[in-house]
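S.K.: One structure coming up, written as structure tokens, with questions to follow.
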Amino acid sequence: REREREREREREREMLFLPRMALPSLLVLYGSQTGTAQDTAQRIGRQAQRKHIQNRVAPLDGYNVAHLISESLVIFVCSTTGQGDPPDNMKNFWRFLFRKSLPAGSLCQLDCAVLGLGDSSYPKFNFVAKKLHKRLQQLGASLLSSVGLADDQHDLGADAVIDPWLLSVTVPSFPRFCRLPPRYTFHFLEGVGETSGDTERNSKEQRVPSESHPFPARMTSNQRVSHPSHFQEVRLIEFDISDSNIEFTAGDVVSMRPCNNPEDVEQFCQQLRLDPDSQFILKANDSTAGTHSPAGLPEPCSLRHLVEGYLGVAAVPRRSFFETLQCFSTNELEKEKLAEFSSAEGQDELHAYCSRPRRTALEVLCDFPHTTAELKVDYLLDLFPPIQPRSFSIASSPLAHPGKLQILVAVVGYKTQIQKPRRGLCSTWLSSLDPSQGEVRVPLWVKKGTLRFPADQDIPVIMVGPGTGVAPFRSALQERIAQGKAANVLFFGCRSQFKDFYFSAEWRDRVEEGQLKLFTAFSRDQEDKIYVQHRVKEQSKLLWDLIANRNAYFYIAGAAKDMPASVCDALKATFQLEGGLSLEESDQMLVAMEKAGRFQSETWS
């Protein structure tokens, strides 16, 4: 092992004397919705930095796309969201790149490669990466490799594709374990109180709340809507958004960034021997970090605020976390294990240790106490990614609840081989907030969702929303009924009519008033399980009439397991039974509806 380390150091010394002209400048551009593509892009940048290759890592919408014609080497890392949509931070780039006016050979000087991060359980798996790869070819770029299609469903996760793909792009085999300088340096202050004056001022100046300037909405109610005896805790939460300039329509989503559990914050500070009340300001050490503190952090900031509201210490760490952690390890046993987790060959072990049992970064630090004792505070922002915002379908309409916004939240909790139960960060945090005990403010912002509802008064809508998937349809029904649109059909499913039939009284009132046709499937209230797809099949005559004769829109929302595919199969069976279509023709009809916007789905894993 010592000889291997010496050879590694020798290669490092040789790299210092390689002619710089032989190493092209690398630009890594990413489109990331949940932070995974960003983490992968930054990991590629760190590997290039260890090889002394000049590089820059940036979000696609933070890069002037007009400069692309002068770049020599670019790696694109992008995820796919919704129904084949680009992430929020690459939408402007996407629109520009697909302009029909761009000349065919405009990128003929560019060498590039595209890595997609996706989930094969979704129908449009890695759609954005595939389409980007094809478009770059059309514009004359030289592609260094076939498009990389990383899959979360793989037993080893995305790395099972990323590692061999990087080799296929002829990216050099980078030395892995030399410690790089931190992106930021912490400068601690004495006798200075934390302030967020600039953030507050900017928020007031901001016309519409956004991720960088959220609106601190007051929580007005937080009530459990599932029966107390039901295994799943589901809550209806309402916020006051008066004077926020927030506008939304049915199908839109609200986003918020949750906070870490106070107990986790205290444990983290104890493990790293940090004073949570100490104040600091950040100084960027290189151009890739930018010139300012990360968005959302006040200046000065306390360590408690940083850990509680910014660092993802409760997230399941990625492979890059172990690569960085190993740089600090001086304990031979811990160093050897971290090296294994960081290697391509050790991904089976890493998956079994971390991903499968959903072990958090904080729990990993507990398992590597000697290495944790060596960590430097300046590396906190390199080790821990920021807490990612969570998005929820809005479950209300301002036409029914002016100045208010409601969400339906299932509190996530489950068990793994780890003794301590696993908890969803955002849902657990939201469920803990009690506005009856004092004022509660949650910074939030609204984004356009993927669901669009017809403006035409006479076009019917058919909505299939089991469980909390009914949330966007409640918003749509409130909006449509307020507009006088009564051609509404809802298929709702849950386990029990008496335990998790959300908004049952509201639906009954709408049915009695002739504003809604409701079909329910209570899967556990009888011996044979009944699901929404069974009810869809039973209503084949009604559905065929609405779709074939009245141009109805069909919607699905809910968990992306078996339900969406089963509902689609039931719908195609309706086309065959009532319309006399063949299997192939029913497939074509559903595709045509989707292209016309008459078939839409919003699913999540």
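Note: Cβ is positioned from N, Cα and C throughout, glycine not excepted.
Nobody curates TrEMBL annotations by hand; they come from automatic prediction.
Values in this document were obtained by computation on a predicted structure and should not be read as measured data.
Sharing the record's features from TrEMBL:
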BINDING   32-37, 79-82, 117-126, Asp152  FMN binding site
BINDING   Arg358, Arg390, Ser391, Phe392, Ser393, Gly424, Leu425, Cys426, Ser427, Trp604  FAD binding site
BINDING   Thr468, Ser523, Arg524, Lys529, Ile530, Tyr531, Val532, Gln533  NADP(+) binding site
COMPBIAS  198-210  compositional bias 'Basic and acidic residues'
DOMAIN    26-170  domain 'Flavodoxin-like'
DOMAIN    212-454  domain 'FAD-binding FR-type'
REGION    194-224  region 'Disordered'
S.K.: Report, in whole Å, the straight Cα-to-Cα distance of Tyr122 (FMN binding site) from Val532 (NADP(+) binding site).
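M.R.: Cα-Cα distance, Val532 (NADP(+) binding site) to Tyr122 (FMN binding site): 20 Å.
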S.K.: How do the residues of the domain 'Flavodoxin-like' (26-170) split into helix, strand and coil according to DSSP?
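M.R.: For that range the per-state counts are 56 helix, 34 strand, 55 coil.
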S.K.: Using C-alpha atoms only, work out the spacing between Thr468 (NADP(+) binding site) and Gly35 (FMN binding site) and round it to an integer in Å.
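M.R.: Here the two Cα atoms lie 25 Å apart.
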S.K.: So how many other Cβ atoms are close to Ser391 (FAD binding site), meaning within 10 Å of its Cβ?
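M.R.: Taking all protein chains shown, Ser391 (FAD binding site) has 21 Cβ neighbours within 10 Å.
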S.K.: For each of the binding-site residues (Ser79, Ser523), count the other CB atoms lying within 10 A of its CB, then report the residue with the highest count.
M.R.: Ser79
S.K.: State the mean pLDDT for the domain 'FAD-binding FR-type' (212-454).
M.R.: 94
S.K.: Within the chain of Tyr122 (FMN binding site), which residues six or more apart in sequence place their C-beta under 8 angstroms from its C-beta?
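M.R.: Within the chain, Tyr122 (FMN binding site) has Cβ neighbours under 8 Å at Thr80, Ala560, Thr603, Ser605.
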S.K.: Write out the long-range same-chain contacts of Gly82 (FMN binding site), meaning residues 6 or more apart in sequence whose Cβ is under 8 Å from its Cβ.
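M.R.: Same-chain residues close to Gly82 (FMN binding site) (Cβ under 8 Å, separated by 6 or more) are Thr450, Glu602.
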S.K.: I'm trying to understand the geometry here, so how far is the Cα atom of Lys529 (NADP(+) binding site) from the Cα atom of Ser393 (FAD binding site), in Å to the nearest whole number?
M.R.: 27
